[in-house]
C-alpha cells in the first residue's frame, strides 16, 4: 500500500496540524515523517475534515505551511534487543553517542498493551540494596516498583546512582536507564560512571549490561513525554526474552510535566493545579506496563520530584498508587547532615510483613520506627522545658533514637569524591544485627557520634574507641 501524503496547514510551537485526504486520515499515534527532514510527528487528535493535530518529536524550527508530510502507517518503532546494549539513544531510537548506527533488525512499537492479568507473576523475593535505611524499613521486592520521592536537592539522583552502583553492578541481568527531562550533565556522568565500572563495555558494546535512552531538559515536550515509553519498550523486550531487567527512570515527574505541556498545547482544559485531565490515565498506562510476567521480571526504580515538598500534589500522589515501596527523602533530615536523607517514618513498603521478611526483621524495623516516633513526640517538650524535665525512660528513648538516627546514615560509593569517605555496602543481616543491638540497649554506653557515617555496628564500636 502506497504511503499517504499530507501537507502542513498550521504550526503553533510543538503542535503541527496536517491535512490529509479525508478517506485516508492517519490513526491516533501514527508516526508522520517530514519530507527532506529527520523530524517525526506523532498524531494526537483527529480534528475532522481530514486534519490531524500532531506533536513534533524534535525542534519545529523552520516548519511552514505547505510542507509535505508522509504517513508511515505505524506508531513510532525503536530498536530493541542486544543491539541497544551499551548505546545511548534518543526517543526515536537514534544513537546520540557518536558510535555509529544502531542495528534496526529487531524493532518494536513504543505503544503496546500491558500484559494480560493471567500472565502476571508477583514476587515475594527481597532485593538487597546494601543501604541500611532502605533494607530495614522499606525493603525492595525483586520484580517490584520503587519510588524515590523528594524535593529539589535532597539527593534523589545520588540515591538512584548508589542503587545502580549496588544493584546493577552485582546484578547479573540487564539494566535500562531512561533519563526523562533531567540534566544532560547527569546523563553524561552516568554514562562515564557505567563505562568506568565495566557495565558499559567500550571495547565490545554487545557485552555491556545497560541500555540508555535520554530525553533531557532541553528537548521539546513531545520527546520528554515519549522517552519513558522508549526505555520501557526496550526493557519489555528483554523481559520477554526471559531475562530479569532493572528499569531506572529519572525522573517520572518530568514525564507528567511533559504531558501537562502537551495537553495545554493541544488545547485541553486543565484539571487540578494545572495538570492534564488525563493524568491518572497516562500514568496508569505507563505503570501497568512496568510489570513482571511468568517469562521474566522488570524491577523498576523511579525518581519522583515532589514540587514544593508537597506530597499531596496530584503528580506524586498519582504515582504513589502504583508503587510497592516508597522511599521518601526529607529536607529536615538532610538539614541534620544525615545522608541518605530517607525519612524512616514516612517511607513504606508492601514487603515489610513478617511473612515476607521474617519475624526478626519485622520486629526490629517496627521497634526502630517506634523509638523514632516517640522521639518526634518528645521534641516539643525538649524544646520548651529541656532534657532535664524528661522521665528517665524518656531520656533513654531520646538517647537511643539519636543513635538510630545517626546509624541510619551511611557513606555512599558514588559520593566518595565529595566526602572523602570510602563507600560502604552493608548486608541485610548486619543491618538487622546493628539496629537490634541499639534498641536492646547494648550500645547505650557508646557516644552518639560513633554511629555517624559508618557501615556496620562493629565500625561504630571501633569509632567509639577512637572518639574516647
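Using the three backbone atoms N, Cα and C, a Cβ is placed for every residue, glycine included.
Copied over from Swiss-Prot, here are the features:
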BINDING   150, 151, 152, 153, 154, 155, 156, 157  ATP binding site
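In the structure shown, the C-beta of 150 has more C-beta neighbours within 10 angstroms than that of any other entry among the binding-site residues 150, 151, 153, 155. Listed in chain order, the extra residues whose Cβ falls within 8 Å of the Cβ center of the ATP site residues 150, 151, 152, 153, 154, 155, 156, 157 are 305, 329. The least crowded of the binding-site residues 152, 154, 156, judged by other CB atoms within 10 A of its own CB, is 152. DSSP classifies residue 156 (ATP binding site) as helix under the three-state reduction. Long-range neighbours of residue 157 (ATP binding site) (same chain, six or more residues apart, CB within less than 8 Å of its CB): 182, 186, 250, 303. According to DSSP, residue 151 (ATP binding site) sits in a coil region rather than a helix or strand.
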